[in-house]
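Novice: Submitted below is the structure of interest, expressed as structure tokens.
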């Protein structure tokens, strides 16, 4: 058997137990990678790697379209979205499609169109993927030099980085244009319980936008996750889109500086590790955003946040007992603190009881009842509207807690079955995926650094310890 590693090889070698397996000429002997190492076999075949990536994009878009149509087919307009296990329709609704005042779905046709467009796109991508994987040129450098590359070519790599940044910037501006010119987006803070509106008065002040980045991530500060009005969100996308596009142009026009050439590892596996690290960070940020933020992820579609459901429970029983004659301003609870209302250490009037720990919740159904010093007793006695009562009762019974087949021991409706909040699903999945991507980053970064340093050459199969051990059978 040939020695499956060589000192010349820039990439570490993975091997399969059966060295005879060949796939369309891309076998283990010629590439040093077994079939299960997937795209590693294509490291130096830019045409085939393009096919793999386009086919992968096709699978992603197909999943989006198919799942979109599945959710449309199962959607019941009379029930809230968050009761129906939906994760795609809430995103479309947040963009202002198909919904009216209060987040009520008035037209499902835009959702159907979205699904069909994604399916058609996936067919085009799928064809392109199969073409480039099976029929197209193995390498692009000769026929299409613009699309060809060598992994060690630092200038070409930063050009590719620049193109990616420009595409990301265009994506950010698509949201801006939707909010400004194409019907607007759903604003959970619109008076009377939320509505679709065009965002006209963008926040473009750098001190406000970048102030979010300088906030503490803890408690009442909440870093960028604390954003609570759409003007700031859309204005932030203007800044982000501009920075991405300008940065992309800069990376296309310039070559890496000497310090960057020295500090970074310039190989395919290194770029993979950088990408995995970035996606990991995105996953963790998305987890926090969907869990805590009810502006970017309106509760009408995703269900209440944890603090929101807790405060809604306190509010619901305050309303009930006030109707029954309780003096909610002075009633004492079992600890001697206020039963319904109390003061925070800094003097604001907040809800009493266990929900005191969520005193800094902001929610559209609650804010109208606040005064300059927290909750306003006179407003709580005179100004509570029916829609606020309905919404808080609904949120109280739909806390984002989570076991798969129960409702976690909080106040529930008599017929609440198998409710799991989309917030729970989205936050948990993004946390877990963010963690896995981080582990992938560590793995590939370690291999890339070892390969660059020249000391990872795979295992010498002639003297591998397992060869001298008794077979399992």
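Glycine residues also receive a Cβ, built from the backbone N, Cα and C atoms like all the rest.
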Novice: Quick one: sort out which of 19-43, 44-68, 69-93 is the transmembrane segment according to Swiss-Prot.
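Specialist: Here Swiss-Prot associates transmembrane segment with the stretch 69-93.
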Novice: Which stretch from 69-93, 134-155, 178-200, 291-312 shares the most C-beta pairs under 8 Å with the transmembrane segment (255-275)?
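Specialist: Checked against 69-93, 134-155, 178-200, 291-312; highest Cβ contact count belongs to 134-155.
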Novice: Relative to the Cβ of residue 367 ([CaMn4O5] cluster binding site), which residues of the same chain, six or more apart in sequence, are found under 8 Å away?
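Specialist: When sequence neighbours closer than 6 are ignored, residue 367 ([CaMn4O5] cluster binding site) has 189 within Cβ distance under 8 Å.
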Novice: Could you tell me what the rest of the chain brings near the transmembrane segment (178-200), counting residues at least six beyond its ends with Cβ under 8 Å?
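Specialist: Long-range Cβ neighbours of the transmembrane segment (178-200): 93-97, 99-103, 228-231, 234, 294-295, 298-301, 364-365, 367, 387, 391.
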Novice: Go through the chain and flag residues at least 6 beyond the ends of the transmembrane segment (134-155) whose CB is under 8 A from any CB in it; none is fine as an answer.
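Specialist: Sequence-remote neighbours of the transmembrane segment (134-155) are 24, 43-48, 50-51, 255-256, 261, 266-268, 271.
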